[in-house]
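Copied from Swiss-Prot, the annotated features are:
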type	residues	note
TOPO_DOM	1-13	topological domain 'Cytoplasmic'
TRANSMEM	14-30	transmembrane segment
TOPO_DOM	31-48	topological domain 'Periplasmic'
DISULFID	CYS40-CYS43	disulfide bond
TRANSMEM	49-64	transmembrane segment
TOPO_DOM	65-71	topological domain 'Cytoplasmic'
TRANSMEM	72-89	transmembrane segment
TOPO_DOM	90-144	topological domain 'Periplasmic'
DISULFID	CYS104-CYS130	disulfide bond
TRANSMEM	145-163	transmembrane segment
TOPO_DOM	164-175	topological domain 'Cytoplasmic'
Amino acid sequence: MTAFTRFAHSRASWFILTGSAIALEAAALYFQYVMKLDPCVMCIYQRLAVFGILASGLIGMTAPKFLIVRILGAIGWAVSATWGLKLALALVDMQNNPSPFSTCSFLPEFPAWMPLHEWFPSVMLPTGMCTDVPWQFMGVTMAEWMVVAFSGYLVALLLFIVPILSGSNKPSLYK
């Protein structure tokens, strides 16, 4: 077993994934409440995708020696990062090519049985417009930085998918 595979089978690797998602969520809340930047609907959806990555990391951390746990974590990671990248690219397109015919809604379209914007309004209620670009760092907008972040998550998954799926590490209940 290689060191890379051992790392993929450790809690540390899943902890890093979880920690990076927590850092992104903390940054989002900092932008919203300290810098007073209003999140749009697409931002809220991306925030939910980051929560999906966070949850996937927590799943992987529970028992990373078991193949099924690593597979479930990797599936959640892949779905969340892909969905987040799709949303970030759509938001970049909206900001770069504003159109009165292509706008985002004022309220998120969560399922009726899971109205997150009503349950957690301080985190999931959008208050901004998608076409606004209120913040840039090094000439790159927040939406473009999220493209970088979600792309990074997908590249990391591609690097780790083979070690994650290798089942050579048999756990022992007596260690």
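Glycine residues also receive a Cβ, built from the backbone N, Cα and C atoms like all the rest.
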Going along the chain, which residues at least six beyond the ends of the transmembrane segment (145-163) come within the CB cut-off of under 8 Å?
2, 4-5, 7-9, 13, 17, 24, 46, 49, 53, 74, 77-78, 80-82, 84-85, 88-89, 91-92, 137
Per-state residue totals over the topological domain 'Cytoplasmic' (65-71) - DSSP helix, strand, coil:
5 helix, 0 strand, 2 coil
Quick one: pull the CA-CA distance for CYS130 (disulfide bond) versus CYS40 (disulfide bond), whole Å only.
5
Cβ atoms near CYS40 (disulfide bond) (within 10 Å, other residues, all chains):
24
Local confidence of the topological domain 'Cytoplasmic' (164-175) - pLDDT mean:
61
Using a Cβ cut-off of under 8 Å, list the residues of the same chain at least 6 residues beyond the topological domain 'Periplasmic' (31-48) that approach it.
25, 84, 87-88, 90-91, 94, 104-108, 116-117, 123-130, 132, 134-135, 142-143, 146, 150
Just counting, how many other CB atoms are there within 10 A of the CB of CYS130 (disulfide bond)?
21
Long-range Cβ neighbours of the topological domain 'Cytoplasmic' (1-13) (under 8 Å; 6 or more residues past either end):
60-61, 64-65, 70, 160, 163-164, 166, 168-169
